[in-house]
Amino acid sequence: MKNILSIQSHVVFGHAGNSXAEFPXRRMGVNVWPLNTVQFSNHTQYPEKWTGCVMXAEHITEIVDGIAAIGKLAQCDAVLSGYLGSAEQGRRIVDIVKKVKQANPNAWYFCDPVMGHPEKGCIVPPEVSGVLCEDALPISDIIAPNLLELETLAGGATLHNVDQCVKAARQLCQQGPKIVLVKHLSRAGFRHDRFEMLLVTADHSWHVSRPLVDFGERQPVGVGDLTSGLMLVDLLKGVELKTALEHVAAAVYEVMLKTKEMNEYELQLVAAQDQMVHPTHNFCATQLD
C-alpha cells in the first residue's frame, strides 16, 4: 500500500487542507500521514471568526525527524504539500522533500502551491509566494496551481485563454515538474459556465470540463485540496493521466452535488464517499496536443 506524507493546513470543524485530503485519500486506498502546518477551528472564509495557530517551522522538521528515527521514512511514496503558514515552513518542507527522496529515490513531491484565488487575489505573504516559486517548484514532480497561481509561477503575466495556460504550464515543466495540473481555469477557460481543468506534460496536454454547481455567493472551501489529493492517489496507483483527470473531475463533481443536495457549506466527503470512489457521472478529457 502506498504512503503519502501530507503537509497542509488542518481545520477541526469542516474540510479544508488535510481535513479535505486525508479521508478521501484513505478511502481511495492509500495511507496518509497528516502533518499540519496550521491548526484552526474552521477555515478562514467564515465571516464570524476563526481561532487557532500556525505551527512553528521547527515542529514540522521535528515530526519528520521522528519518523526517520524509527526507520520509516523510506516507506513514504510521496510528499504532498499545501497551504503554508510561513515562508520558513516552506523552506523546511523543501528540506523534508529532499530527505524523503534520499530515503526513497522513487518518492514523488506533489506541490499544491496555495497562494490565492483568481477572484479573491493572493492570500499569502509575498515571501511565501517566493518560496513556492523559487524553492518548491524546481524540486516538484507534480504541481497543481489554479489560474492565479499558474500566472504567478510563470512570471506574473495575465493568462487569457487555454492555449496561453498550456504554454505557461509547459514553461513550468522546463523548471522541474513533469506534470502540471491546472485545477481551475476560471476566466481563461473555453466556457465560463463550466468548471475546467488542464493536465499538462512536456509533450501532451488534456482538457476536461464539468458543470458548475451553483452555491451562490458562498462557495465551499477545500475543493482544490480534495482535487490534489485525489489526483496524487490516482497517479500513485498507476492510473493513466487522461483517466486520472477524468476520474478526479467526476469525483469532485459528485462531492459538490452531494454537498448541494444536503444544503451544506462544508464539503460532504463522508456522505459522498462511495460516489467519490466510483462516480456515476463521466466527463471525457480531450487531448489538446
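Glycine is treated like the rest: Cβ placed from N, Cα and C.
According to Swiss-Prot, the feature substrate binding site maps to SER9, THR44, GLN45, ASP225. If you look up Swiss-Prot, you'll see ASP112, ALA144, GLU149, LYS183, ARG210, PRO211, LEU212, VAL213 marked as ATP binding site.
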Neighbour count (Cβ, 10 Å) for ASP112 (ATP binding site): 30
Cβ density check for LEU212 (ATP binding site), other Cβ within 10 Å (all protein chains) comes to 14
Fewest other C-beta atoms within 10 angstroms of its own C-beta: which of the binding-site residues ALA144, VAL213 fits that? VAL213
Nonlocal neighbours by CB distance (under 8 Å) for GLU149 (ATP binding site), same chain, sequence gap 6 or more: PRO113, VAL114, MET115, GLY116
When you measure from the Cβ of ASP225 (substrate binding site), how many other Cβ atoms are you left with inside 10 Å? 29
Need this for a regression test: binding-site residues SER9, THR44, ASP225, filtered to those with Cα within 10 Å of PRO211 (ATP binding site). What's left? none
Comparing the binding-site residues SER9, THR44, GLN45, which residue's C-beta has the most other C-beta atoms within 10 angstroms in this structure? SER9
